[in-house]
Amino acid sequence: MEPENLTQIAEFLLLGLSEDPELQPILFGLLLTIYLVTVVGNLLIILAVSSDSHLHTPMYFFLSNLALTDICSTSTLVPKMLLNIQTESKAISYAGCLTQAYFFMVFLCMDNLLLTMMAYDRYVAICHPLHYMVIMNPCLCVLLVLICLLISTVDALVHALMLLRLSFCKHLEIPHFFCDLTQILKVACSNTLINNTILLLATILLGFGPVSGIIFSYARIVSSILRIPSTGGKYKAFSTCGTHLSVVSLFYGASIWVYLSSALTDSPRMSAMASVMYTVVTPMLNPFIYSLRNKDMKGALRKLILGVFSFL
């Protein structure tokens, strides 16, 4: 096939999760439900944190930013999936595909870095409790979020700009439900060695780096908790980390599952199904984890909901 100039490429074709016509209404209903639950759940987290002065702490500040990131991440992918199912079209424009890939990379990296910042927050709270409010002051918290956003934006921008140098062939079919960077590279006609090298370096720096930071933080946390003499004190200290550990386990567990499914199977459709877990399901579950396991959050949500109903 002859390579085609980038400016002449009209569209990519997203093959989606299934080509079975009978499954399309089921997929549409399921995805729409998950999307609405994700947006409403994470929005409630943001509103609860904003409206309750008891939650104006660094931990909940990072949590509200994580909830906002999850809303944006899901909104980057699901509406286009729903539109394609509803219109029975698989097409996405070249500009739309690169835009979707860019914003997904931004929000995925933000999720990763925010989870690391939350681990650091728990480390300071448990290992240096007397200096917690001095170290985790509002200016530092805002600065940390801005740094996360800057790193995520620059990382995604580098990948997006490197995509612009590639040539593509006609009949561009992506065996996925969104414009995933790795899938775009697979359909390129030109040499992708530089792109894959940058992707590998970014994965090492922005993947293993944050994971190492989380592991280090929790190693120090566990060491500090074990030195607490009372059982009640140990339980109270560890309970403040339980929700974050659950979200971290879900996020990285889903990511590892996607990697393993891609490595162990030659079926792109199976890899796409596995990707649903960390791209769509995980953002939906995060609000439930934080609200069900956190007494302060449950109280804030209860007051928020009662306030809304009393207003109506």
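Yeah, the Cβs are placed from backbone N, Cα and C, and that goes for glycine too.
Remember, predicted model here, so these are calculated numbers, not experimental data.
Over in TrEMBL, the protein carries these features:
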DOMAIN    41-290  domain 'G-protein coupled receptors family 1 profile'
TRANSMEM  26-49  transmembrane segment
TRANSMEM  61-82  transmembrane segment
TRANSMEM  102-120  transmembrane segment
TRANSMEM  132-154  transmembrane segment
TRANSMEM  198-219  transmembrane segment
TRANSMEM  240-260  transmembrane segment
TRANSMEM  272-292  transmembrane segment
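With a cut-off of 8 Å on Cβ pairs spaced 6 or more residues apart, the transmembrane segment (102-120) and the transmembrane segment (198-219) reach 3 or more such pairs and are scored as touching. Long-range neighbours of the transmembrane segment (26-49) within the same chain, counting only residues 6 or more positions beyond its ends whose Cβ lies under 8 Å from a Cβ of the stretch, are 16-18, 55-56, 60-61, 63-64, 67-68, 70-71, 74-75, 78-79, 81-82, 85-86, 280-281, 283-284, 286-288, 290-291, 297, 300-301, 304. Per-residue pLDDT, averaged across the domain 'G-protein coupled receptors family 1 profile' (41-290), gives 87.
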